[in-house]
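Q: Relevant sequence annotations retrieved from Swiss-Prot are reproduced here:
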REGION    1-90  region 'Domain I, interacts with DnaA modulators'
REGION    91-177  region 'Domain II'
REGION    178-394  region 'Domain III, AAA+ region'
BINDING   222, 224, 225, 226  ATP binding site
REGION    395-514  region 'Domain IV, binds dsDNA'
């Protein structure tokens, strides 16, 4: 049984599941083959149990179909390909968690756990076993201080928000904890695009030390990741005003570390960051290629999880896709729960506008909100910016908000939107280029001569328009947004490995943008 066959089945499952479900439960799985056995590694017990209960049956069906009826012995384990215990003995007809061998007590985040056997309901399914796995990367609490960096690392400014509370530590190092009081769960507008992320954040905020740890939120700019992070912090302080909750941008962590090295106060730096109750770090991708910062954060992360302290991280991309980030950090980020925050769909955009207008005590007609939401699709930040312009124009002109006033106040923005490439134009151009009919792109045909141009057209639509994935899917014959996401990723891979696809995409891009 080859890993390639497993990947084929995962790709098929990607098309069947909503992107949030796939990215949360299936994407973190790692796999390797040894003889006739296929080993699948989950990052933690929670993911393993969920996959076992919800997706194992379908995965085995796909393996059987693709493997021409020959099913492998499948083992589900906790850990990763680089960090695992020897495989458990295979037990017929049921999954079984083998008791761990006697070992020295490991750090809490990677402590072996056991569970009651889970019976596979179908007699014809192959034996499946689960076993815990122990990390081989122990926390090193007494990491020696090193000399200051030869070359100074860039240090970004902290978020421009009102300081809520100061936290001081013994010694020279002092730090301010930033939380924006206006970012709460109560004023966060929930929709299909952020439903799972909001639920996970609330679980952490309301059940500290019993929620997901770490919680990793990822997605494009202006989609609400930072809002949710602040909402967690504000809720924790509401429940316990004495809690040490620290929010900061990743570059602030770098700046504090450099300053501590310069002041010969690295021990105070460590003591401060490792004594918080909850550490909230925004834009973790800025740690990329900062080796010393990654080293220090690695030990800080381990210390916090060992002490049962909460860590919440955000990034603009899936952790495995952050280039220049050490694999050991990527692996640890998967210990808890990783959730995508998608661009808001039309209904959510309208709800956001109505909520913002209510907060500003402005009367916004529903048709006016709908008009703005239809034309501003990229992210919440741009949506709010457009609404502020409309409100200001209404105030200065002394006129109520109408569609006519919106056209006046946003005329430059709307003119820019009108110049954007349309999906119809992309479909027409791609069909002409590949000498097929537009109706073929919208059809259910799956032959390569049609499927590949369709994927190219979807990828171009994602790159050149502001339409959301669901909207692009509807434009291509009512397809699901997960199909669009799969097409975009597939074309991105082929542009790296296939010269013909790379040239086709380049030519089409030039045609559509000139």
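Placed from the backbone N, Cα and C atoms, the Cβ positions cover glycine too.
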Q: Might you list, by sequence position, any residue in that chain lying six or more from residue 225 (ATP binding site) with a Cβ less than 8 Å away from its Cβ?
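A: Sequence-distant Cβ neighbours: 197, 217, 218, 219, 282, 314, 341.
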Q: Note the Cβ centroid of 222, 224, 225, 226, the recorded ATP site, then list each other residue of that chain whose Cβ lies within 8 Å of it, in sequence.
A: 219, 221, 223, 227, 228, 314, 341, 380, 381
Q: What's the most sparsely packed of the binding-site residues 222, 224, counting other C-beta atoms within 10 A?
A: 222
Q: Could you break down the residues of the region 'Domain I, interacts with DnaA modulators' (1-90) into DSSP helix, strand and coil, giving a count for each?
A: 43 helix, 19 strand, 28 coil
Q: Secondary structure at residue 225 (ATP binding site) (DSSP, helix/strand/coil)?
A: helix
